[in-house]
Amino acid sequence: MIISRKSIKPSHPILKMNDTDLQEVSTHKHLDIQECVRSINGYDYLGSKATTTQGKTCINNEVCKGSGSGPFPWCHVDDPIVNWDTCDIAKCTDTPKECLQTGKGTDYFGSTTKTKSGSECQRWDSQQPHEHNYWYLEDQENFCRNPDGSSSPWCLSTDPTVGKEYCDIPVCDYQGCSTNPCLHGGTCQNTLNGDYTCQCPNEYEGDRCEVKVPSVDECKRSIAGYEYQGQLNTTIGGFTCQMWSSDQPHSHSKHDQPENFCRNPDKDDKPWCYTTDSSKRYDFCDVPFCTTPAKQCLQSDNGIEYFGNVRQTEDGIPCQKWADQTPNSHSYTYISDQEDFCRNPGAGEKKPWCYTTNSDKRWDYCDIPFC
């Protein structure tokens, strides 16, 4: 497949909106935000640049945002052909600080290599003892980092029984509202304890109001609920869900799911979770079906939430029904209820796609506009 700028759109923003982990540094906000990046793909970019590589202006009061698992920073633009563009952000050349400048430490690129418990960190370019998908950290040795919007920098422990653990990193000296850190019309207020807070408009959140709040449905549109991104954390049997980052009381390998929210990471019959009851390993969750019509546009970059009615590829080839195995056989039987509509099950691709009815073209992306 030929990769074009249109087909390699970043999969999703780096910062997660529903992270309620203990935030040891959550009250210490951005201090000295640099207009440069230190990561391979720029996931750490938190600056204010609003002009793209082609000289277009970011729309909707956006600034260029670091991409979580995508290849580069980007933003939406007003263009009838391509509604987004990449941002050319320079590499940082100075020595990174050994302290946190943001509440979650997204910008931390120091040299700490041990967790709070004293465990040595696993190298990011290794899949042992824990497998992961953080390819864009392969040059970061085994340093503590925060590539996924967790509450603070972390790493995978070299202890095969532990998995993800947070790191103990101090915060940097305070500079307060003097640097005017709040974005998108946010108001900076100094606090009595020597810190500051940003009062954000309703549609933004984050330490500096840098994150646009997504619309998350507390319901599902597929039988399997593979797209469910809500915050339900109680099972059908009334059990409380175990934190995905924890192996207590049940050890497992699915540590990359958020908090203790019900999810379906293994294509099961419906969303589920491990429980906090040692006698009940896991249980399904009762996520209701959505009753409102699905939007015919993308609300996120990878479009996992898309349940519209587009049923042909970008090139106009009709989609094969997900319940069919001809002309293309596949393993996505768990979304057989989705007819022949474009979907992105499990956010496995960069945007919605489908198998085609053309035996010479196994699959392709679909052309769906952003909302």
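Numbers here mean position along the shown chain, with the first residue as 1.
Using N, Cα and C of the backbone, Cβ positions are placed for all residues, glycine too.
Per TrEMBL, the disulphide partner of Cys262 among Cys285, Cys290 is Cys285. Each of Cys58, Cys87 is a candidate, yet TrEMBL gives the disulfide link of Cys64 to Cys87. Disulfide connectivity taken from TrEMBL links Cys167 to one of Cys144, Cys188, Cys198, namely Cys144. Cβ contacts within 10 Å of Cys262 (disulfide bond), excluding its own Cβ and spanning all protein chains shown: 25. For Cys144 (disulfide bond), other Cβ atoms within 10 Å of its Cβ number 25. Cys209 (disulfide bond) is 25 Å away from Cys167 (disulfide bond) when you measure Cα to Cα. When the Cα of Cys64 (disulfide bond) is compared against those of the disulfide-bonded residues Cys144, Cys200, Cys209, Cys262, Cys285, the shortest separation belongs to Cys209.
Among the disulfide-bonded residues listed (Cys144, Cys200, Cys209), Cys209 has its Cα nearest to the Cα of Cys87 (disulfide bond).
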